[in-house]
Amino acid sequence: MSKSTATAQNLSFVLEGIHQVKFEDRPIPELKDPHDVLVNVKFTGICGSDVHYWEHGSIGQFVVKGPMVLGHESSGVISKVGSAVTGLKVGDRVAMEPGIPCRRCEPCKAGKYNLCEKMAFAATPPYDGTLAKFYVLPEDFCYKLPDNISLQEGALMEPLGVAVHIVKQASVTPGQSVIVFGAGPVGLLCCAVAKAFGAAKIIAVDIQKARLDFAKKYAATSTFEPAKVSAVDNADRLRKENNLGVGADVVIDASGAEPSVHTGIHVLRPGGTYVQGGMGRSEIMFPIMAACTKELAIKGSFRYGSGDYNLAVGLVASGKVNVKDLITGVVEFHDAEQAFKEVKAGKGIKTLIAGIQD
């Protein structure tokens with residue numbers, strides 16, 4: 001794999017097959033619409049989906065059939081603007097929302113553009129991602145960063161947008177008790193957003209003690225490590241140890257693990273709300289009797305939608321959510337493959353890949 005960046009115009013980190021990646025110099029993308037902008041990508045976070053494509057070549061129905069640039073959690077600096085762009089100028093620092101909907105279908109017109117069937121989402125086959133020197137986006141999918149948000153923090157607006165959408169789906173209100181299963185980046189950010197929304201109790205659940213220790217220092221009011229017992233027994237212990245009475249108001253699953261789903265359903269109070277944010281196996285066993293007899297409100301959550309990125313930026317700018325502490329490593333662009341290996345091995349919380357240096 002070549003590591004030369006000295007003469008590259010648009011060096012890109014390209015997935016060619018399972019565990020097969022290369023650096024490839026590609027043409028600088030053209031602005032195809034007068035509302036487009038060209039972004040010089042400065043930082044990109046490594047997401048679990050990127051690692052999954054690298055390791056397996058597919059996620060569900062999305063199969064990598066040809067070379068694809070990885071990456072979608074990015075920030076950058078505006079390098080060029082289209083003739084109709086009014087809200088941004090060259091030199092502006094932006095967070096990049098990496099999914100472009102059709103804007104015309106029923107979900108788009110209803111304000112749920114994250115459900116658009118024609119969504120062109122970065123690093124989701126067949127669309128290239130943002131691990132390149134340059135990337136083109138419509139101006140309204142770039143969010144200008146205030147002076148008190150760094151470009152490194154700007155790259156975390158993507159996972160924070162995911163967490164914002166999940167917590168909004170849960171309709172978290174002040175004083176509620178919220179249990180978050182999975183203390184990875186999205187789960188931790190769900191804890192932080194729930195705290196910003198006024199939740200009184202925020203309980204992080206994970207099987208890794210190191211993650212729980214971080215969660216307690218970060219945003220959780222308490223933590224819970226499940227025992228190797230039934231979901232009902234773990235739910236009972238969760239309630240008792242955290243004085244939850246008949247159960248929690250809200251459960252968010254950011255793990256996708258079947259045991260977490262089961263425990264989450266059982267630990268909710270009657271009439272509680274369950275939101276599935278993590279994706280695991282496409283089909284699992286589900287405690288439907290408990291869900292029905294407790295009249296639970298059960299929702300899914302997918303990516304982010306209208307207003308989520310703006311709220312994410314606002315939460316960080318106001319100091320209500322801290323994303324800086326999640327950044328545990330920054331590597332140079334030519335070390336991208338090694339960074340993927342370290343993320344796969346579970347090292348750190350959020351690793352960023354720096355953009356190509358001029």
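Cβ coordinates come from backbone N, Cα and C, glycine included.
Here's what Swiss-Prot has on this protein:
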BINDING   Cys47, His72, Glu73  Zn(2+) binding site
BINDING   Gly182, Ala183, Gly184, Pro185, Val186, Gly187  NAD(+) binding site
- Where does His72 (Zn(2+) binding site) sit by DSSP, helix, strand or coil? coil
- Within 8 Å of the Cβ centroid of the NAD(+) site residues Gly182, Ala183, Gly184, Pro185, Val186, Gly187, which other residues of the same chain have their Cβ? Val180, Leu188, Leu189, Cys190, Asp206, Arg211, Ala254, Ser255, Gly278
- Would you count the other CB atoms within 10 A of the CB of Gly184 (NAD(+) binding site), including those on all shown protein chains? 20
- Note on the structure: Cβ neighbour count (10 Å, all chains) around Ala183 (NAD(+) binding site) is 28
- Nonlocal neighbours by CB distance (under 8 Å) for Gly182 (NAD(+) binding site), same chain, sequence gap 6 or more: Val205, Asp206, Asp253, Ala254, Ser255, Gly256, Ala257, Ser260, Gly278
- Message: Given the binding-site residues Ala183, Gly184, Pro185, Gly187, find the one whose Cα is closest in space to the Cα of His72 (Zn(2+) binding site).
- Response: Pro185
- For the recorded Zn(2+) site, enumerate neighbouring residues of the same chain (Cβ within 8 Å of the Cβ centroid of Cys47, His72, Glu73, site residues themselves excluded), in sequence order. Thr44, Gly45, Ile46, Ser49, Asp50, Gly71, Ser74, Pro98, Ala122, Ala123, Gly129, Thr130, Glu158, Pro159
- Same chain, |i - j| six or more, Cβ under 8 Å of Pro185 (NAD(+) binding site); the result in sequence order is Pro159, Leu326, Ile349, Lys350
- Query: Cβ distance under 8 Å to Val186 (NAD(+) binding site), same chain, sequence separation 6 or more: which residues?
  - Reply: Pro159, Val162, Ala163, Ile166, Ala254, Gly277, Gly278
- Query: What are the non-local neighbours of Gly187 (NAD(+) binding site), defined as same-chain residues 6+ apart in sequence with CB under 8 A from its CB?
  - Reply: Val180, Phe181, Ala204, Asp206, Ala215, Ile252, Ala254, Ser255, Gly278
- Item | Lowest local Cβ density among Cys47, His72, Glu73, which the record lists as binding-site residues, within 10 Å | Cys47
